[in-house]
Structure formats: C-alpha cells, structure tokens
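Swiss-Prot has this to say about the protein:
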type    : residues                                 : note
BINDING : Gly10, Gly11, Gly12, His13, Ala14, Gly15 : FAD binding site
BINDING : 273-287                                  : NAD(+) binding site
Amino acid sequence: MHKYDVVVVGGGHAGCEAAAAAARLGTNTLLITHKISTIGEMSCNPAIGGVAKGVVVREVDALDGIMGRAIDRASIHSVILNSSRGAAVWGPRAQADRKLYKQAIQEIILNYNNLTVKEESVDDFLIESNNNGELCIKAVITSSGEHILTGKVVLTTGTFLQGVIHIGEQTTPSGRMGDKPAVELANTLNKYDFRLGRLRTGTPPRLDRGTINWSILQEQVGDNPPVPFSYLTEKINQPQVSCFITHTNENTHKIIRENLHRSASSYLSDVVAPRYCPSIEVKVKKFAEKSSHQIFLEPEGLDDDTVYPNGISNSLPIEVQREMIKSIKGLENAEILRPGYAVEYDYIDPRELFHTLETKKVKGLYFAGQINGTTGYEEAAGQGIIAGINAALSAFEKKESFVLHRTDSYIGVMIDDLVTKGVIEPYRLFTSRAEYRLAIRSDNADRRLTQKGYDISLVSHERYSVLQNKLESIKQLEEKLGSLTITPEQLRSYGIKISYDGIRKTALDLLSYPNIDWNKLQEIWPELSSVTRWNDKMGHTKADNRAKNEICEAVEIEAKYKPYLIRQEADMKFLREEINTQIPIDFNYSQVKGLSSEVIEKLQTIKPATIGIAKQIQGITPAAIVSILVYLRNRKTKVAANFV
C-alpha cells in the first residue's frame, strides 16, 4: 500500500500548481489524473491572462509557480491590455500555442522533484474521526479499489464533477469533450454533507483556418516586443502571429433567435452561467438593441489549423451552429472542426472553506479551482498554489498556514471573496473587486510576494537572487533621482509649470507629476540617459537582464502612484470606520454615480440595512461601498445645512 504526504486529484491548472507547490516544499506528493496526456490541457480558450487575471499569473509566478513560465514558452500573440491607462489596470495577456503550452506544463510536472504522477481516477475517500472527534482524511480510494494512504488531499475536479455536456437537445455525461465525468466522487461529497450546487459554462465551435476569408477581416497585431509573464523569462522566443476581428450581424441574430428554444440555455435556466463571459444566445436576448457583437478569431497554434472564435460560445444544435457561422463576415465558407457546447457541473459552497482552502468539515481535505465556483485558468491556478502550499505545511505539522490577504494580492481578494461571500454564479476576478488595486499591480507581484514565498522555503534561490538584485537597483536609482534637484523657476525654462513656491524639487518628486516622464527627466538631466540604458549587467543570469529593463518603469510607477496610494488608504480607513452606517430602507441606489447596473439591481433587491451588510453581498465591490458612503455623507451634510 502506497503512502504520500500530499495527494492532488486532477491535472488541470489548479491541480498542477497545487502539486508543484507541495513538491517544492519537500513533501512526497502524488498527482492523480484521468489521463496523463491531458495534463495542462487548455479546455476552453487558448490564452492566459487578461485584466486582473494577468496579475494573478504574475503572483503565481512570484511564488515560483509554473503557469507563467509555461505560457512564456507557448506565447504566440502577446498584449498588455489597458496599456494606455494607469499601471493598476494593465492586463498582460498571451495567446498560446495550445500544444506548446500543454507540452511545457507536462515537461515541468513530469520531471518535478518529489512529485509522482499516476493515471487513475479517484472515487472515494477514507475518512475517520480523530481523538477530538474531527473528521480527517486517511486515504483516497481509486476506481480500481486501491487505497492510497495520505493525510492531505487537494481536490481539483474542474468541470468534471457530475459533468454533462449539452449541444442543442443532445446531452452527454462528460466533464470535457471526450472525457468521462467524476460521478462517484460527487456522491462521496454528498455523503459527507458538503453543500453542492450546479453551475455551467460553455465554449465556441472551433473553425478550420483554411476555410476562413482572412483578407476581408480586421487584423489585430500583438505587442512588439512581447512582454513575458514570468520574472525568470528574459524574452519570448516563439514567432508571433496576428489575431483577426469580425462581427455578428442582424442575420446572425435572427438565426439564433429562431432557435433559442433548441439551445441548452432554454432548459438549463436554473443552472447559472458566467455573467461576464456570456454565450451568444444570452447576448442576443439580453442586448436585443445591439446589431452586432465582436468576435476575435484566435489561432490555436503555429502548426495547427484550428481557430478559436472568441465571443460566440453557444450550445445550439450543430446544424444551427453551421448556419450561424456562415452568416458572419469572413466565415461564409468556414468549416466547423468541433461544435460549441455548454457543460454543467457540481461545485461546493466555498463558504465551507477556510482561507487556506481546507474544508471546515474534513481536516486535511482542500478544494481548489472550479469546484469552488470560479471560472478561468488563472483563478484556478491561484487557488491551486495556495491549497498546495497549505496542504504541504500541514503535512509537516507546522502550526503556521500561508494566507494571502486582500491588501497584498488578487489571489487574496479572490479567496476572501469566495470563503466569506460564497458564489451564486461563476466567479471571475476584476480590478473592481480589489480595494487595494493601486498597490497590487501586474508590475510588482514579485516585490509583493516573492519574499513571503522565500520565507517558507517555497521559492528558489535563483528567483530570490533576481529579486534582491532588482530591489537593490531600484533603491540605487531612487537615491540618484533624490539627489538631483531643481527649482520651479528653472523648470519653466523646460516648459514645465508647477507651484511657484521656491522649493527645490528632486527628480523623484517630478516623476510623480502625470505630465513628466523619463524622457523629460533626461532633457533636464542628460546624465540620466546612461541610467535608462542600463549597460552594466545587473546580475549573473538572463532573468537579471530581464529585470534590469524594468527598473526605470518600476521607479516611475511607484512615484506616480504614491499620492494615490495615500488617498486609497484614507478611503479604506473611512470604510472601516463607517462599517455600521445605516442605509435608509427607501434608498435609491441609482442616484449614486459609478454604480454598475448589476450592483444597483442587487442592492435594490436585498435592501441591506447597513454598510456592513451591503459589503458582504456577493458581487458588491469595495469601490461601490465607498461611493455609497460618500453619497450618504454628502446627503447628510446637505440636510444638516438646510436646518442652519
């Protein structure tokens, strides 16, 4: 009978990060998956990252996770979303060669120290009570009846838990096209009274590249040079390709409307789908006034003829999907290689978890990924690494756990949202969910988290050394900029007008002004030109060379955000102090500027009595709470003024 310190069930994005993290910490770890050949499979879109999501990938990488390095080896179209806006909303995103990404993940996982991979399915657990009457994991039981002893299990079932695929009226028990669902495991969770719910998601049809008329479509070129995700990647080496844009039209919508009754969404109305990644059926129904919807045609690989039409996820019958596709510009002759479909699956109420992602009902059992009601590769990876870390620390019987907080990471925001608010629809990360988003950006994940990982022996010496070199270089540059001064009068000769107070400003002070950048500083102090080129090597590795290019950017971003961070902290202090503020029962939320229709709808329906209660409602962001508080305070001030 085999025994392992940690057993991870599931080889998707959550499972791979959990297994790698547990193994990095030195535990004897087993990863059990249905098929070794599907480890690292990108089940839906062939891309990693995005707004908020890209920050999570950087955070996972800062903790020595594997997703960032894998996508850097597979990236064929890279962009920084929102690059024209502030760094707090930058969203690194990379289109992947699907085969290369899976190959990269498998090469990493199958050669990882302390990690064994087994092709099998888990149907049950052996759970016993300890001396304190607590239920504890003792073993996993496979479909072949084998008992594998362990005290720590991380369950990452994705969409496989009682999974059912829908294509029109046709239904097939499956967690992913071509893969069996996990039925017995769902029964096991029911047996131990876990609160299970049902969610669904979907995917679009895949198209044949050679049957698309690319010449009449709008080309979308990626960034040049492409920016890597991992702090250990010097540069992207894969050839870069373009994506293309087309649109649905009135005829497309007519075809969809006439067949809505045949879509899975018509008979799965009680199973909630992702609000922020809706199917084309939902778009046509919900936004009836729109004459078109955008579609991104994304290549799935350099030597792959498959194209992913991002924006038309659906569960219509195959013949309707064909008719719909041929109504779209550029796709008149397009052939479908695989139809789109919806998949429904079980999830557990994440409020049954601690912030470590250990279950409250069974000691030693952890959940990560879509089983917790989330959607997205990145959200899964972020949960997986935290669950794997805590399972390993607990296996060593260490008293401390590893918990990230809302103040230090998007992973912390996500997990706190899940375990305190729960979910009523597939959860997706957004910058609006993070009250400290000005501080937890994509550019500083290593400076926020790598030290935390190193302190528990999770992070390699190589990564830690790169960080230390980077921090020292940032410090040196800030000191240099702090030593260069100029008066407001002198600045006017360079066309810069600031407060005429006679006080000398340092170069670092000037960087905080929105209209002053590195180019302007070099004009004032030409000696800074040599600094920005960084001709001297910063360290001893290629990763050091990557990091040195980020030094000037890091210093400028920190300078620009400093006054806003002070204001952000003041807002959060205001929020903490006003948590018991009462909200009138007849309060009209639509009068509050900046609230989304989703937030207004939920608050008008629930009618929370206090700010504290409103804050706990799923989907209500900290920014929304601050806006309501400011409105209430201003209204109170106006009322008081009328009595003066």
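Count begins at 1; order follows the chain as displayed.
Heads up, the Cβ atoms here are built off N, Cα and C, so glycines get one too.
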Reading the DSSP string in three states, the entry for Gly10 (FAD binding site) is coil
Given the FAD site Gly10, Gly11, Gly12, His13, Ala14, Gly15, its other Cβ neighbours within 8 Å of the Cβ centroid, in chain order, are Val8, Cys16, Glu17, Ala18, Thr33, Thr156, Gly158, Ala368, Gly369, Ala380, Gly384
Across all protein chains shown, the one of the binding-site residues Gly11, Ala14, Lys285 with the most other Cβ atoms within 10 Å of its Cβ is Ala14
According to DSSP, Lys283 (NAD(+) binding site) sits in helix
Checking the binding-site residues Ala273, Cys277 for other Cβ atoms within 10 Å of each Cβ, the smallest tally belongs to Cys277
Most Cβ neighbours within 10 Å, among the binding-site residues Gly10, Gly12, Gly15, goes to Gly10
In this structure, the one of the binding-site residues His13, Arg275, Lys283 whose CB has the fewest other CB atoms within 10 Å is Arg275
Long-range Cβ list for Ser279 (NAD(+) binding site), cut-off under 8 Å, min separation 6+ in sequence, same chain only, gives Gly202, Ser263, Ser265, Ala273, Ser313, Asn314, Ser315, Ala342
For Gly15 (FAD binding site), the three-state DSSP class is helix
Cβ neighbour count within 10 Å, max among the binding-site residues Glu281, Phe287, goes to Glu281
